[in-house]
């Protein structure tokens, strides 16, 4: 009996010491510019996106590349745009990510003239083709336009917004009809959407409606918009960020930028006509979009730094102290409990 009591006491002391350690670490590093991720990074970025036409450099789809100018080796982010949008509609957001030392590759999978309206499965396969293009040709393009810059495909992340967010999950989960020649090392869903409702989802069906069911062994974060499910709902309940996060496994994270809408990370100007229409249709905040881009971009940079640069200080600090973000933020991570609201609706 005495041994049992001693064991219980020892476990209590260990757990309590671990609970105290994390806030101490955060307090120590709060003075070390934790919020730098929420400001433009230190890297100068290519003045204009590198535009690669279809078949140019053997590219399977037209794409843009945004890169730091400074010679070096950088992680790569493959980003899939949202429903009927253009990759160019995100150029300011991509510049923000690149300014923190990342190369962004963003294919264009939809066009109005001449019409190109791919199915979701088509989009997944097209994105897979672009992923397979990168080992052979990304460096060729970079050498042409930015001397001394290299993409590190050992640190390749897949991401996407809206329908493109679902495509990113589908690609990571193996739903492509095209065998991948690359390995994704991280996954970021930006307000992913699987359809208009549970009964009206696009094919293939990625969501299973079973908790922790996604067969993913890589780090995952899901970032949603708080107004995405407001009328007119462009990210409806049960087919958007909360459901995707629920189906992720242990150690994944979830953020909600509560005061912003589904399209609020897009450029203010230089938008495609459909992007303008979609932005007006979806619930939006009318707050500065630059703040949305800083918050979204900062979370993504902190997440990628944690897993690609072995520096998780900013990532964990944001989860534990949401007030570090430029706007209202909900954050949670499976396996961690900081005593906050358990859903963003409770804020």
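Every residue gets a Cβ built from N, Cα and C, even glycine.
The structure displayed is predicted, hence computed values, not measured ones.
What Swiss-Prot says about this one:
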type	residues	note
ACT_SITE	162	active site, nucleophile
ACT_SITE	191	active site, charge relay system
ACT_SITE	262	active site, charge relay system
CARBOHYD	215	N-linked glycosylation site
CARBOHYD	229	N-linked glycosylation site
CARBOHYD	251	N-linked glycosylation site
CARBOHYD	321	N-linked glycosylation site
MOTIF	160-164	motif 'GXSXG'
SIGNAL	1-19	signal peptide
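Outside the motif 'GXSXG' (160-164) by six or more residues, the chain places 79-83, 85, 90, 109, 120, 123, 127, 189-193, 202, 234-235, 262, 265 with a CB less than 8 A from a CB of the stretch. A Cα-Cα distance of 22 Å separates residue 191 (active site, charge relay system) from residue 321 (N-linked glycosylation site).
Cβ neighbour count for residue 251 (N-linked glycosylation site): 11 (other Cβ atoms within 10 Å of its Cβ, all protein chains included). Neighbour counts of Cβ atoms within 10 Å were taken for the recorded positions 162, 215; the minimum is at 215. Look at the Cβ of each of the glycosylation sites 229, 321 and count the other Cβ atoms within 10 Å; the largest number goes with 229. For the pair residue 251 (N-linked glycosylation site) and residue 162 (active site, nucleophile), the C-alpha distance works out to 23 angstrom. Here the Cβ of residue 191 (active site, charge relay system) has 29 other Cβ atoms within 10 Å, regardless of which shown protein chain they belong to. For residue 215 (N-linked glycosylation site), the nearest neighbour among the recorded positions 162, 229, 262, 321, judged by Cα separation, is 162. Among the recorded positions listed (229, 262, 321), 262 has its Cα nearest to the Cα of the residue listed as 'active site, nucleophile'. A sphere of 10 angstroms centred on the C-beta of residue 262 (active site, charge relay system) encloses 32 other C-beta atoms.
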